[in-house]
Every structure is written in structure tokens, then in C-alpha cells.
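Peer 1: Structure below; questions to follow.
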Amino acid sequence: MVNAGVMSGSGNLMDFLDEPFPDVGTYEDFHTIDWLREKSRDTDRHRKITSKSKESIWEFIKSLLDAWSGWVVMLLIGLLAGTLAGVIDLAVDWMTDLKEGVCLSAFWYSHEQCCWTSNETTFEDRDKCPLWQKWSELLVNQSEGASAYILNYLMYILWALLFAFLAVSLVRVFAPYACGSGIPEVLSAAAAAGVSVAFGAPIGGVLFSLEEVSYYFPLKTLWRSFFAALVAAFTLRSINPFGNSRLVLFYVEYHTPWYMAELFPFILLGVFGGLWGTLFIRCNIAWCRRRKTTRLGKYPVLEVIVVTAITAIIAYPNPYTRQSTSELISELFNDCGALESSQLCDYINDPNMTRPVDDIPDRPAGVGVYTAMWQLALALIFKIVVTIFTFGMKIPSGLFIPSMAVGAIAGRMVGIGVEQLAYHHHDWIIFRNWCRPGADCVTPGLYAMVGAAACLGGVTRMTVSLVVIMFELTGGLEYIVPLMAAAVTSKWVADAFGKEGIYEAHIHLNGYPFLDVKDEFTHRTLATDVMRPRRGEPPLSVLTQDSMTVEDVETLIKETDYNGFPVVVSRDSERLIGFAQRRELILAIKNARQRQEGIVSNSIMYFTEEPPELPANSPHPLKLRRILNLSPFTVTDHTPMETVVDIFRKLGLRQCLVTRSGRLLGIITKKDVLRHMAQMANQDPESIMFN
């Protein structure tokens, strides 16, 4: 018998969830996002907005605002990213120079900015100016001597410790970890904009987002990512933090083309980059695993302070480790001109040699070059060790710039070696055809650029985006072939020792449920081998469409920790009709008790269009059809797991139901897929964590 009281009052009875209520559709921290479901919801929302736009002018305006909302978000992301990048670039220069001295006229000026404002600086002494004083000059009025060196040494260490303490404190207080769901378009565009302003490479940023960040990258996301990167780059260019009216971070201007014979050392640099990437990933992961499993991980602030102190103590004596890494890379990339004062350009001049008009000829290395070579060798060892131990600490520590520094040092050393071979042995057959005596044949800065690309590629396994970032970063479009050769070689060599890049390795170390599109699965298992429940396990927890009370559902939620429940016609038939999320069930019941009269523990919950037939004195039923996913993704029990894995990757599924002739058999979650893949690869299947 139908509850007449309920039916007669249906006009006043709120059909629960016909109107949305707060928090439905959101996710808890570290919960897997069901992208397919979110896309379906977004499509439904757009369909409703489009249909309503024909009803009135106001609805039409609202539809236009909704259509432009995505582009407005991209615009704001680009503006914010460009502005923050400009501020950060200026702050980094100032804080780096603050470790060595201060500007008397304005303490917020960096060394370079301070000397720009000085009217007493001559061209010969362009690296010095009276307005800029080292700490020894300011505190004890001494610029040279042992006491001045020791005081500058101590101030360098103290400032480094202060900056490290501030950084780790900010991370510990405000951002212990990055969490939240986000929207895939926004995440992809933000990544593109970030790389765009970090390296002055807007196109490379878009390709980086496509190659490394996003597994779901439709054409709409491509356009919006490009727009965000464009706005970010334009904003950064307007701020002009480098003071040279250029967007690129390491602008180079070489006067010599590369020759085919140089491909061999370029490929050798690619081999070095691949070996460096393998060494770094294995050593860094081993150290991070030790940090996680020992007491060392319990004291992150102390670790940062100790590592910073050791780094500052070792770095100061060597001029190539004392300066900022960006300045080091810029110096290594630069070509030696007539006005360069760097030790790397200390060549012996031959008065009898006739110089070409447009370039500087190859010359024998002077004392400064040989001094720089052994200092660079020590700097290379230092950078390798420090990068291994610092990446992964509880502090913002980069990977791109340190890896590029390792490669740039190695490349510059190789370039100088090839340059001197070409000078002293120009009659060798490999130099005879393209390197005449007195000509500028070899550009060591180009080797540094190629080495930087090779080492970065070995660590990250990037190829296309890496090459584009490098030629945008330096402006060296003419040298794209050497960059491509080094990038491909480094990837091949690194892949020979392991397919994982550093990001994938850290994802697996932390147990994040990430299904990498690069992982191959070729085993002949079926969906029935992976689905739960398995043989001997309790039956699958399900909801029935119209026979469970609010109390039954609350008890089920309390006794289990599943993220959702299949909804069936009845426990006897187990015919599948949909899927309900745990969080949305909790919110629905909570809001129903607050907003709907007559909802008690004995109220029947139903997911059908019409309420079930109930006794006359029954409490009001609770309709929850709105939160029911009526089209959950399903596969049959004999579907190959290779197909299931591919479905999870391409559609971004959170779970998949297994059926046979419409009858529910089990469920496969993303974690089940990851565990099965780990088990098939002879890895620990229980290392996958989070819900």
C-alpha cells in the first residue's frame, strides 16, 4: 500500500537534491579524482546553461560569462605567474648578493643594480663600485687579508643559514605538502605558465605540460595552456627583471656554426647525461628512502640547517660554487669576447696572429683557463653530491637548474678540451677540413649548453619539451640539432638502466596512486583476476535501490571505509543500476536531516524516480537519485587487464565495476590496478597508499 500521506504532500515535500547543496562533488585530500565523472558533470552543466540562455537576456549574459570564465582564469594565472616570477627573480638576485655585501645607497639593490646607479664606476672596474661594499669593508673597514676573508666567509654562512631556516619554516607552517584536487585544465595551464616564466620559454612550457604533467590533454586545454603561458611571458617581459629587455634567462650569441665532426663529443655528453641521470635517481631515491624509514625524517628543520651549513662551508672557497647557480650557468654558456674578464676567457694572445673581423680565433689556454678547469672539476663533484642529498628535503629545492649546472660544467670542460685539441692539432684529419689555423672553430659555451640539456634529459627523461625549452632559454635556434642529439642519447642511455625519471621514482617512493602512461602492461590476466571481492573474501558491500533505511546506510558507512558503493535492484538479483559516492551519501543524509522534515533513521532511501510502496504510517522516504551515477563504467569479467589498464589511463577512472550479463560481480579500483601491475612486475603491491 502506498503511503498516502507522503504522496498527498508531495507538492510541499522537497525532492531532495533537485537543487545542489554545498560540498557535493568535492574530494578529500589525496583522494583519487574521477575525471570521467567530473567531465560528465561539466558537460551536463554546460548543456543546462545553453538551454537556459534562450529564455532571457540575463540568462544569455550568464552563458557568455560562463563561456569566458575559463579564459579569464587562464588570464589571471598568466598575470599572477608572470608577476610572481618577476618578483622572485629580483628577490633571488638581491638575496644572493646579500650573502657577500650590501649596497650603501639602497640596501634593496643587488650588486649589479647598485653599480648601475653609481656615477664613479669605470669600464675597467665595471665589476666593482664604491657604493657596493663587502661585509668586511662595512664592518671592519678591510677589503683584503685573512681577517677580511674569514669575516666574509662567516657572513656568507650566516646568511645562508638564515635563508634556509626561513624557507623551511615557511614550508613547515604554511605548506607541509601540496594537496587538493584541482581542475585538469587549470593544472595543465598553470604548469605551462610556470615553466614559461621560470625559463622564459612559453612554447616549451606548453610542451612540458603536454609531455610530463598531463595524461589528459585535449585541444581546448592546449589552447588555454598556450594562452596562459603567453600572458605569463608577456607579464614577465614587462617587468624586465633581468634588465636586458629579454625574456630568456641565459641569452647566448655565438658567432661560430657547429660542424658535423662535433656530433661525436655532443653524443658523448649525451651519454654522460644519461649516466648522471641514472646515478642521481638511484642515489637520491636511496637517500630519500633512508630519510623516510629512519629517525632522520623526524627532524626536517635540523636536516635543512645542517645540510645548508655544510654546503655553505664547502661552497665558499670555490668561486664557481660560491656564486648562484643561475650565474654559474650563464657564465658557462657565454662565448669569450674581447671584453670578457672571466677566468674561462684567459687565453694567451698571439701578436702575430691575424684575427678575423667577426670572431675571436682559437688560442692557447692561459693560466686562468687551467685554474678554472680544476675549479670546475671540484665544482662538478660538489654539485653532483649536493644535488643528490638536497632534492627531496622539506624545502623548495629545484631540479632543473642544478641538473643543468652539472651538465654545463661538464660540457664547458669538454668544450675547452676540444678547443685546445683543435688549436694544437689542427693538422689532424678530424680538424683539417673545417678548422684552419687561426680560425674560431670551437665554441666551448655551446658544449656547456648541450651538456646542460643532456643532464636535464637524463634526470627527467624529457625529449621534445627539453629541446624546445633549451633553445628558447638561450635563443640558440641554430643549435637545435646538437641539442636533439644529446637529449635523445641521454634518454636512451638512462632508459637502458631504468625507465623511471626522477618524478616517477618519487611518486613510487611515496606510494602515490599514479598510473603512468609510460608504464607498459603486457600480461595475460583478466578482470576477474583483479576484481574484489576475491575468493574467500566477504561479499561486496552494495546499496539496494529502494529497501535500505537511513540507519542501514549510516551503519554501512561507519563499518567500512570504501569511497563508494554500487547500487543494485536487490541483493537477490544484483542487477546493477548505478554507483553512489561515500562522501556524497554522507552529505546527502546530513543535509536531509537539517533541511527536510520527517527524515529519521527508519526513513527508506530510494534511488528510483518514484518512491516505493510503503505502509501508511511509514516515515517520509529520502530520495537520492540525484547523487546516483546511472552510467558507471563497467567491463565484463573476461575483459583482458591490458584493456582495463588502458581504459583507466585514457579515461582517468577512479573505479570500474565488473559485471556478467548485467549482474554485478565485483569492482576494480585504481589502486587495485596499480597493485596488480606492481605484483606482475615483482614489486611490493602494498606500497600503494592513500584512498
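Along the chain as shown, the residues are counted starting at 1.
Cβ from N, Cα, C; glycine included.
Not measured: the values here are computed from a predicted model.
Sharing the feature lines straight out of TrEMBL:
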type     : residues : note
TRANSMEM : 68-92    : transmembrane segment
TRANSMEM : 153-175  : transmembrane segment
TRANSMEM : 187-210  : transmembrane segment
TRANSMEM : 222-243  : transmembrane segment
TRANSMEM : 263-287  : transmembrane segment
TRANSMEM : 299-316  : transmembrane segment
TRANSMEM : 372-392  : transmembrane segment
TRANSMEM : 399-418  : transmembrane segment
TRANSMEM : 446-471  : transmembrane segment
DOMAIN   : 531-597  : domain 'CBS'
DOMAIN   : 628-686  : domain 'CBS'
Peer 1: Considering only the recorded stretches 222-243, 299-316, 399-418, 446-471, state which has the highest number of Cβ pairs under 8 Å to the transmembrane segment (153-175).
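Peer 2: Stretch with the highest Cβ contact count: 299-316.
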Peer 1: In the same chain, which residue numbers or ranges, 6 or more beyond the ends of the transmembrane segment (372-392), come under 8 angstroms Cβ to Cβ?
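Peer 2: Distant Cβ neighbours of the transmembrane segment (372-392) are 276, 279-280, 283-284, 287-288, 291, 307, 311, 314-315, 318-321, 328, 342-344, 346, 399, 402-403, 405-406, 409-410, 412-413, 416, 502, 506.
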Peer 1: Hey, which bits of the same chain come close to the transmembrane segment (263-287), Cβ under 8 Å, at least six residues off its ends?
Peer 2: 384, 387-389, 391-392, 403, 406-407, 410-411, 414-415, 418, 447, 450-451, 453-461, 482, 485-498, 500-502, 505-506, 509
Peer 1: Hey, which bits of the same chain come close to the transmembrane segment (399-418), Cβ under 8 Å, at least six residues off its ends?
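Peer 2: Contacts with the transmembrane segment (399-418): 198-199, 262, 265, 268-269, 272-273, 276, 280, 320, 325-326, 328-329, 332-333, 344, 365, 369, 373, 376-377, 379-380, 383-384, 386-387, 390-391, 442-456, 458-460, 502.
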Peer 1: Checking distant contacts: for the transmembrane segment (222-243), what same-chain residues at least six beyond its ends satisfy Cβ-Cβ under 8 A?
Peer 2: 70-71, 74-75, 77-79, 81-83, 85-87, 89-90, 93, 112-113, 116, 185, 188-197, 200, 202-203, 205-206, 209-210, 249
Peer 1: Please work out the helix, strand and coil residue numbers for the domain 'CBS' (531-597) from the DSSP assignment.
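Peer 2: Tallied per class, the domain 'CBS' (531-597) gives 24 helix, 17 strand, 26 coil.
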